[in-house]
Amino acid sequence: MKIIKSVKEMANFANRIKGRGHTIALVPTMGALHEGHLSLVEAAHNKANIVVVSIYVNPTQFAPNEDFNKYPRTLLKDKTALRHFEHITIFAPSDKELYPDTFDTWVEEGTISKKLCGKFRFGHFKGVTTILSKLFNVVRPDFAFFGEKDYQQQLIVKKLVKDLNYPIDVIICPTIREYDGLAMSSRNKYLSPKERKAAAVLYKTLIRAKKDLEGGETDYRRIIVGLSRLIGFEPLIRIDYITIVNPDTLIEIKEIKKEKVLVALAARVGKTRLIDSMIVQPK
C-alpha cells in the first residue's frame, strides 16, 4: 500500500502509471471508511490496474454551522481497512496542499445543485465539485466510483464530467445498508442508541413509498402526507424534505404516471443530518 500526501507526488505517480498504459480508478472519500466505501473500493479494484482512495475531509463542502470540526478522522483505521486490497494508493493531502492561501477559483454546477439538499446546505455542492475537479486533475482517473446513496451528488458528478470534458467513466454502485435498512454513512457514528433506533424509520418510509407507488397510488399529496406522518411518529426526527422527483432532473413530479421516479428524503436525527432515496417504478 502506497500513501501519498503531496499533490506533486500524486501527480507524478499518476503520470508514471498512465505512461505505462495502466488504468487508474479513483474512490473519493472523506475517510471514516465503512462497508459502503469498501464496496466501492472492491468494484474499483475489479475495474482498474491501480486504485487511488482519496481520504480528505474537504472544508469547502461544509457550511459554517455544520460538522467539519466534528467529522471523524480515522486515517490509521482506514489504512487497516484497506490493507487486504492489492494495488491500493491512499491520497491523503493536507488543507494547505489543496487550498493554499492564494486559492480563489471555484467550480459550480448551476442547475441540479440548487435542488433538494442544495436548498439546505448552502455552498455544499460548490465545494464538492471544486474538490472533485482538483482530484480529477491530479489523479487523472479513468474511472471514478460513487455510491448511489448520495443520489444528487452522483448526478452532479456526471454533469461535471460531461460539461468539463473529463475523460472519466463515472460508475455508480448500489447503496449498502445496515441490518435494518439504514443507509451506511460515516455520520451514523454520531447517533446515540435511541437516535440510531429511530433512524430506521427512514428506510421504512422509502419502502412505504415504494408500496404506495407500486400499488397504483398516483396522488402526490396523499403519498407525501402519509410518509411525513410515518416519520412524524419518531419525535427525535425532523424532516428537511421528502419528495418524489424525476430521477434525471430532480424536478418534483406532481402528476405520477408510469415513468420511474426517485423518492428522496433528508432528515435530522437529533443533530445528525441523514439522506436516503430509492428509485421506484409506479404501476
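Using the three backbone atoms N, Cα and C, a Cβ is placed for every residue, glycine included.
According to TrEMBL, the feature ATP binding site maps to 30-37, 147-150, Ile176, 184-187. Feature annotation from TrEMBL assigns active site, proton donor to His37. Annotation source TrEMBL lists (R)-pantoate binding site at Gln61, Gln153. Summarising the annotation, TrEMBL assigns beta-alanine binding site to Gln61.
Mapped onto this structure are the features recorded in TrEMBL.
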| residue | record | Cβ contacts under 8 Å, 6 or more apart |
| --- | --- | --- |
| Met30 | ATP binding site | Ile55, Tyr56, Val57, Asn58, Tyr71, Ser186 |
| Leu33 | ATP binding site | Ile55, Thr74, Lys77, Asp78, Ala81, Leu82, Ser186 |
| Gly36 | ATP binding site | Gly147, Lys149, Thr175, Ile176, Ala183, Met184, Ser185 |
| His37 | active site, proton donor | Val27, Thr29, Ala81 |
| Gln61 | (R)-pantoate binding site | Gly123, His124, Phe125, Lys126, Gly127, Val128, Ile131 |
| Glu148 | ATP binding site | Gln154, Ile172, Cys173, Pro174, Thr175, Ser277 |
| Gln153 | (R)-pantoate binding site | Phe125, Val128, Phe146 |
